[in-house]
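Visitor: Pulled these from TrEMBL:
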DOMAIN    103-474  domain 'Cation/H+ exchanger transmembrane'
REGION    506-534  region 'Disordered'
TRANSMEM  65-83  transmembrane segment
TRANSMEM  95-128  transmembrane segment
TRANSMEM  203-227  transmembrane segment
TRANSMEM  239-260  transmembrane segment
TRANSMEM  272-292  transmembrane segment
TRANSMEM  301-320  transmembrane segment
TRANSMEM  326-343  transmembrane segment
TRANSMEM  364-383  transmembrane segment
TRANSMEM  389-411  transmembrane segment
TRANSMEM  423-444  transmembrane segment
TRANSMEM  456-480  transmembrane segment
Amino acid sequence: METIPPGGDTEEMIPSKWNRFSQLTSNYSKPFQTKYHRRPDRSESFRLRLKYAFLCPPHGELARWLSYIISLAALWLVCLAISPQQALPGSNVFSLIVLYTAAALAGKLVTFLRLPSMIGMFLVGVLVRNVPHINIAQHILPNWSSCLRNFALTILLLRTGFKIISLRGGSSNIFYRLHLLPFAVELFTSACMYRFITKLPWAWSISLGSIISSASPSIILTLLLQIKNLPHTNSFQSQIAAALIVNNIFAAVIVAITWSTENNAANIILKLLEPFGEILVGVIVGILLCYIPPEDFVHNLFFRCVFLVGSSALVLFTLSAVHQTFVGHLAVLVLSYVAAWGWKRGLKNNQMLLHKLDTILSTFWLFCQTLLFGLMGCDVNLSVINARILGFVFACLLTGLLVRLVISYVVMIRTQITKRERVYCSLALLPKAESQVLAAYILQNALDLGDETLQPYGYIVLKMTVLAILLTAPFGATLLHLAGRYLLKTPTESSDESNIALVTRRKSSEDSVESLNGDDGTSEAEQQFMDISL
């Protein structure tokens, strides 16, 4: 029997039941805790790495996915408590949550193939819309889908404006070469092909050519934002972003002029001046954001972020509602550029402020991109496609893209852009995705006119646009992703490669000299001469 010394504490000598229980549970839980196990390397077996991934507490990739799942479950439960009719299975909110989860999983799986995650998200949307007995896409309300896509595109355009502020804008010569000539050549080529192959009238052919010639801001700007560590003197990123927005505006203006009910000179001039009105709106709102809220305002960063996102969404939604087409992109891009330029010039600690705002926008974009590309895939309806239309679209699309690639490369020969960047700029405007909005606009106008001879033309335009999106969006995104990896060498990578090559040449030269001089090696003077020469 254990004796207690005089003056001793009975609680210290005799463990309580709780202490014995905690010690027992600690001993039994050691095999399941990460702090008692060594983190396995990538070179070790898959079984060890999988075992370590499921140890407690949750960590790594598993913890991140658990956080996403719990967040989505909490959001669904809140919506279920507020409005059960909108959150039950088969409703709008439930379908959006299922689409988001499936698109996020597909985007993660596609990255294992070294492809951009947007490919998996887009293909999940296409499958959800077109696989029989899956009615998720049909349950998503069109106005919800449009609002969510526009909000996600707002975040993307804001990030692009912040990215452009750190780059040199480039010359106006490059502007006209990259923006106007390739778009005009592709538009003319596509319109002629559609006129003589599909027998569409000239107005329909020009409208279809302008729709097919416009590119996807969502896909291209997302890939541009993933390009990192390039020199700040590089201007091709800002040129591509500006060319993308300008080309889409030209396409919208051409369609608006072609299908306007008042084809007089005043209406045409008004349509041509609309882009300048967008620039003016973006400049005015951007200047207001430079001074509101003031620099000494309490919670300055929070209110600047709220005003930036809120005003951009308001501008985009308002202009889109007025014009019925996607023509608010330029205003949001100019707005973010002017606001970032004003903060960079007029505020103290401006770099820290811009970095924090870009971090917040990056967090928003992490969630918005999944919905954006998933909903874009849901808009692709494969039931309108047949083999005859597929052959026409493939021939016309391939001809127009080849002509554009050649013209885009040739017009930038005598510029400061390198050969690799010329190739990337030529490929940059390949993916098509948002152009289906204009095709639906044309079809709706044909249906509103009530002329039965025009309605088949409207359905042909819609079918060709859907096929162009399906053929160019996944392939173009994959091609741009691979081209950015292999064509755009960063300064760090090029210097590392040159250093490795120099060390390799030095080592091979030393080995050859040692083999010629025998085992004794070279003298000290000869070694110094060889080092200097290398």
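Placed from the backbone N, Cα and C atoms, the Cβ positions cover glycine too.
Map these features onto the structure and tell me what's around them.
Guide: A Cβ distance under 8 Å defines the sequence-distant neighbours of the transmembrane segment (65-83), meaning residues of its chain 6+ beyond its ends; these are 58, 93-94, 97, 100-101, 104.
Cβ atoms under 8 Å from those of the transmembrane segment (239-260) belong to residues 160, 163-164, 170, 174-175, 178-179, 183, 187, 203, 206-207, 210-211, 213-215, 217, 220-221, 224, 267-268, 271-272, 274-275, 278, 323, 325-327, 329-330, 333, 425, 428-429, 434-435, 438, 441-442, 445 of the same chain, restricted to positions at least 6 beyond its ends.
Residues 246, 249, 253, 256-257, 304, 307-308, 311, 315, 319, 323, 327-328, 330-339, 341-343, 346 of the same chain, all 6+ positions outside the transmembrane segment (272-292), place their C-beta atoms under 8 angstroms from a C-beta of that stretch.
Residues 147, 150-151, 153-155, 157-158, 278, 281-282, 285, 288-289, 292-293, 326-329, 331-332, 335-336, 339, 343, 353, 356-357, 360-361, 364 of the same chain lie 6 or more positions beyond the ends of the transmembrane segment (301-320) yet place their CB under 8 Å from a CB of it.
Residues 177-178, 181-183, 185-186, 189-190, 193-194, 197-198, 209, 212-213, 422-423, 425-427, 429-430, 460, 463-464, 467-468, 471-472 of the same chain lie 6+ residues outside the transmembrane segment (389-411) yet bring a C-beta within less than 8 angstroms of a C-beta in it.
Same-chain neighbours of the transmembrane segment (423-444): 122, 178, 182, 204, 207-208, 210-212, 214-220, 224, 236, 239-240, 243-244, 247-248, 251-252, 255, 259, 324-326, 376, 379-380, 401, 404-405, 408-409, 412, 417, 458-459, 461-462, 464-466, 468-469, 472-473, 475-477, 479-480, 483-484, 487-488, counting only residues six or more beyond its ends whose CB sits under 8 Å from a CB of the stretch.
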Visitor: For the transmembrane segment (456-480), which stretch among 95-128, 203-227, 326-343, 364-383 has the most Cβ pairs under 8 A?
Guide: 203-227
Visitor: May I ask for the residues of the chain that lie six or more residues beyond the transmembrane segment (364-383) and have a Cβ under 8 Å from a Cβ within it?
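Guide: Answer is 96, 99-100, 102-104, 107, 117-118, 121-130, 137, 140, 145, 148-149, 151-153, 155-156, 159, 218-219, 222, 309, 433-434, 436, 466, 469-470, 473.
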Visitor: For the transmembrane segment (95-128), could you work out the same-chain residues 6 or more beyond its ends whose Cβ comes under 8 Å from its Cβ atoms?
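Guide: Long-range Cβ neighbours of the transmembrane segment (95-128): 68-69, 72, 75-76, 134, 136-137, 139-140, 144, 148, 218-219, 222-223, 226, 369-371, 373-380, 382, 433, 470, 473-474, 477-478, 481.
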